[in-house]
Amino acid sequence: MAHVKHMKWWGWGEEGVHFEFSNKPAFAPFVKRALGVDLRPRERDTIDFSTVSVPAPRLETDLLDTLGGIVGDEHTSTDDELRVVHWAGKSVTELLLTRAGDFARVPDVVVYPADEDEVARVVALAVERDLVLIPFGGGTSISRSLQPSPDEERTIVSLDLGRLDKVLAIDETSGLATIQAGVLGPDMEDQLNARGWTLGHFPDSFTHSTLGGWAATRSSGMQSDKYGDIADIVRGMRVVRPGGTVVLRPLPSTSTGPSLREMFIGSEGRLGVITELDVQVHRIAEHREVIAYMFPSWPKALTAMHDIARSDVSTTFARVSDAHETAFSLSTQKAATSLKKKVAAKGQDLLWEVMRRRGWDTDEMCISYVCFEGTKAEVERRKKTVASIVKQQGAIVLGSGPGALYDQKKFDTPYLRDFLLEQNTIGDVSETAAPWSKLTTVHKAVYDAAQRAFDEQGKTGWIMSHMSHSYHSGACLYFTFGYEIGQDPHAEYAVIKSAVQQAFVDAGGTLSHHHGVGMEHSAWMEQDVSPEGVRLMRSLFEVADPGANLNPGKIVS
Ligand SMILES: Cc1cc2nc3c(=O)[nH]c(=O)nc-3n(C[C@H](O)[C@H](O)[C@H](O)COP(=O)(O)OP(=O)(O)OC[C@H]3O[C@@H](n4cnc5c(N)ncnc54)[C@H](O)[C@@H]3O)c2cc1C
């Protein structure tokens, strides 16, 4: 079998890695206060695969042989657990269905091509035999862009790109790297770092997602302020389609009609299989620091973030949590065990006391992290400018200690959702982007909508948010919400998630800044890009894929 790393079948990340709260004394009281839930110690470390039953593969034996003839028998599989690993991404809906073994339809076979030629032969076979082909990167989709339609009658092939995992070349003069699409984030960074380069693209899902997946979902990483979204980073690509391969050369810019590059970015497997990308890479920064600041209120914090974005200071990221998310962050602090940590904790208590004396309402304070990269001198200069901007809004500089901690913990949070599910509690996220002039309105509209949805269902719910990913004209607002699961998990989730999504578009935001559309968000597409926009997109998919063989039903139904 192909040596490709996969996440656990029942949740996020690696077996044996969990969110742990026993070493975080403020966490259980916080959850009780916010959600009314009494946390229990974790009862199990894994879920036994034999607790679920998987529909038998539906495929003709000659098809398995034919696929084996293309990629090698050892690179095809009809194994139940592997098919379940490939059946869906990691949205809450999918996690609930997976844990319950509620699989309407799973891929019938998983194939692992070794190169573009094998991908092309599998794509041609899919059209010839009328199969459904779903490209699979790391399986981290959070918008149901992998899950097959429940009533799909045809044989479903999951095309796992995991063996296409190499950095092929670096044009060191231009800072352009040619990289295969199936490489996982950490493997790619290792290969680039070994030659002194970085892509600088770090989504929260970085550890388990792939370059091809990022391009196919129009991803954005936490350092997009400096490195850009994936749409800015990708300069060229190769896309295998039923009729041939589209080759877009790496060009800094071009005026050759509507952009095919833009058309493939975000196409979620519906227009072909991305096999290779040319991406802008950067020399690893000489010096990097993340500095934390505390603001007295959300409006002041947002003003400071906007002032940073419109100043001439280049930050790698600038983000700020609202008061609810700040309270959550503080609740996840570990118990102070060493003398050094005890002194730091005492220092924090004293700082809060000083703030109260200054008239701060500590329930309203908002923590912010700003990252600086460059030479030591550049970083010092930028830190000074940002300090003067944030001080105009009354912020206190907390320094690099909390910033370093944030930097280390940034990829741990995804494990929290599985932990909460075990506690019969939903914790999920929805994100948007809006112009600076509308961010406050969007923030309030989402809070109000979520509260109404919680009230409607008699739930004690919690919502929190941060602002990140700044642009000249606006920024992303990222919301996390939670509540205890009741009688009908899917119906309750639909009400709350829909309320949040609808508030985005009603208040002037987009349905998603970086999670993509899939099946989860397609209901809002007409409101996002207009009915005529959806008609145009649908026509494109119909013409580009008349047999609906390529990941049908995603983005627009
Ligand atoms: C906990 C969590 C945190 C997340 N944080 C972020 C974040 O910070 N930023 C962000 O942008 N996203 C984030 N996501 C969403 C997700 O990680 C992204 O959508 C990511 O880009 C998906 O990459 P993947 O390799 O896992 O793709 P997959 O999930 O395997 O596939 C996603 C879609 O892309 C298609 N696809 C994959 N590879 C190819 C290919 N080579 N050619 C054509 N189509 C392809 C698939 O068919 C599918 O439609 C998060 C998700 C989770 C669960």
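Glycine too: its Cβ is placed from the backbone N, Cα and C atoms.
Noted in TrEMBL for the protein shown:
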| type | residues | note |
| --- | --- | --- |
| DOMAIN | 103-284 | domain 'FAD-binding PCMH-type' |
| BINDING | 135-141, 204-210, 217-220, 268-274 | FAD binding site |
| SITE | R319 | site 'Important for enzyme activity' |
| BINDING | R417 | substrate binding site |
| ACT_SITE | Y478 | active site, proton donor/acceptor |
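Filtering P135, R270, I274, R319, R417 by Cβ distance to ligand 1 (under 6 A) retains the following recorded positions: P135, I274. Within 10 Å of the C-beta of S209 (FAD binding site) there are 22 other C-beta atoms, taking all protein chains into account.
Mean pLDDT for the domain 'FAD-binding PCMH-type' (103-284) in the predicted structure: 98. Put plainly, the binding-site residues P135, G139 were compared by Cβ crowding within 10 Å, and the winner is P135. According to DSSP, R319 (site 'Important for enzyme activity') is assigned to a strand segment.
Over all protein chains present, the Cβ of S219 (FAD binding site) has 25 other Cβ atoms lying within 10 Å. In the three-state DSSP assignment, the secondary structure recorded for I274 (FAD binding site) is strand. Closest by Cα distance to R270 (FAD binding site), from the recorded positions R319, R417, Y478, is Y478.
For the residue listed as 'substrate binding site', the count of additional Cβ atoms within 10 Å of its Cβ stands at 24 [all protein chains shown].
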